[in-house]
Amino acid sequence: MKQQGSEGEACGERDSFPNSRSWGTYRGMDFLFNDSMACASTGRMGINSSCRTGSTLSSNGTNESRQNSLSRMSSRDLRRRASYSLPRDLGDQILESISLSRELAAQIVGNVDGSTVAQMGDSGDRVVVGGGECGSENENWRSPADYVKECENGFKSSSGDVMIMSDGILNRSSSVRMEQDKTQNLHSRSEKDEQEKLHRRVDYLLYLIHLAVFGILGIFTRYLLQRLFGPSLLALTGNDTALYLDLPSNMLGSFLMGWFGIVFKADLRSLSENLVIGLTTGYLGSLTTFSGWNQKMLDLSSKGHWTFAVAGIILGMFIVNECANVGVETAEWLHKCLLKCLDRCSEETRIKLQHLRVDSFKRHMTAMIVMLVIWGLLWGLCGALARRKLDSLSSGSVLWLGCLVGPPGVWARWYLARLNGQGLGKNGSLKWLPIGTLLANVIAATLMAALSTISNVVNTKRCSIVVTGVQFGFLGCMSTVSTFVAEVYAMRNSGHPGRALAYAILTIFPSFIIGTLIYSIPVWTKHYN
């Protein structure tokens, strides 16, 4: 009994903040089922392994009747799972257990602070300046990455649980890990981290370089998808339909966000935190664009195509959300396959995988030099081509000009993301709202509408090219759909669909209304083409 109590206490600590699997994948909140149907999702959320043996699932009095029905499931009934026909009573018990596990998981995730959920998409530059020398106001602040590190370093995993080992490599525990002293473990790791830690300014610069390089790659991908699915080739998207030009890139970015921003995020963080930020905030954030989506809907409404505009907003939101769901589901399946493959790998292969981690000063400096060279080559090439194309007033200069001004847009969005989960005012109200991402999207959409109006007023080809380049690069990177969708996904799966709906409305409606005042009304009154 004493041993079970200690395990319960450790489990209680672990439940108080996200662990490496539940918050590295989010899918712990979507209730995937393990070996026992009655406690599958709770195993994913870090619940005590005694749930698997049929012990008490919850102390909540409202669930006692359901727990009793689960405990009456006999071994004879369990053996019937292998039969082709499912008995009605066993089927009812399984469905009841699934419903119970969903309720329990919803209660567990619902107890998580809303500010933590608001930071799951992006916590901005607080990953660098979140603590330590930043001042007393940040001393008690911990980013989701800090939660992951605490859970990786200080807690044990029960038998059969999927976990990320403290060495950062994916694995499946085959036996219960020996109890370790948490204080000593954290102390030894803090000393090691202190020795290998980069200077804060150098670390900040490394993040900015990763964001710039991956942001430019995201712009390239978005441009190629526009050309591929646009009127010039496949003609599946266009300017006069609800299927706007940036829809394919928003779909792909949302799908990949389910991979790298939700399921594999903790695994990638074990290799390199800079890589995680570069992929999610840099590449996927620049691949997707909320401001471009909003502007296309404004173009449709200004031409009188209100049906297409409304359909584009509703249908676009539904599509990107479903892409994120499919991305999470496929990534979960792939993750399980990788775990099985790693189980069969030799010890030598696992050691080689451990060496891939960028966890030393030398490796960080090597990564910085490589990324600086890539960034310099990309910027130099884009600058030369942008000048050449702009002199000839070629529309091809839009891409190269966009790549030049894209990185500052990524940096601005990353900086604003520090406001996520911080709330409003001195009391910190509305901490569940990702204010940073909200501001980035609304500001970018407003500026894009204003620049479109300026382009209509000036009405020259050179001005149109420059404005379109700034819109495509800077404002396209400043706004994001992938992070926005990931935050909506986190709210829905943490038991707060109302917050998810409110957040979506607060992002879409103000952007469209302000854009109508700045762009559509001048088009209607001045009769711009």
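Any Cβ shown, glycine's included, is placed from N, Cα and C.
Features of the protein shown, as given by TrEMBL:
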type: COMPBIAS; residues: 51-68; note: compositional bias 'Polar residues'
type: REGION; residues: 51-78; note: region 'Disordered'
type: TRANSMEM; residues: 204-225; note: transmembrane segment
type: TRANSMEM; residues: 245-263; note: transmembrane segment
type: TRANSMEM; residues: 305-328; note: transmembrane segment
type: TRANSMEM; residues: 365-386; note: transmembrane segment
type: TRANSMEM; residues: 398-417; note: transmembrane segment
type: TRANSMEM; residues: 438-458; note: transmembrane segment
type: TRANSMEM; residues: 464-489; note: transmembrane segment
type: TRANSMEM; residues: 501-521; note: transmembrane segment
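Contact check: the transmembrane segment (365-386) against the transmembrane segment (204-225) gives at least three Cβ pairs closer than 8 Å, residues 6 or more apart, which meets the contact criterion.
Within the same chain, residues 24-27, 121, 218, 221-222, 225-226, 228-230, 236-239, 276, 279-280, 284-285, 287-289, 292-293, 296, 316, 319-321, 323-332, 335, 481-483, 485-486, 489 sit at least 6 positions outside the transmembrane segment (245-263) and bring their C-beta atoms closer than 8 Å to a C-beta of that stretch. Only residues 6 or more beyond the boundaries of the transmembrane segment (204-225), in the same chain, are considered here, and those with a CB under 8 A from a CB of the stretch are 125, 127-129, 198, 246, 248-249, 252-253, 274-275, 277-279, 281-289, 364, 367-368, 371-372, 374-375, 378-379, 382, 399, 402-403, 406-407, 409-411, 414, 472-473, 476-477. Proximity of distant same-chain residues to the transmembrane segment (398-417), defined by a Cβ-Cβ separation under 8 Å and at least 6 residues beyond the stretch ends, is recorded for 121-125, 207-208, 211-212, 214-216, 218-220, 223, 277, 281-282, 285-286, 378-379, 382-383, 385-386, 389-390, 434, 436-437, 439-440, 444, 465-466, 468-470, 472-480, 483.
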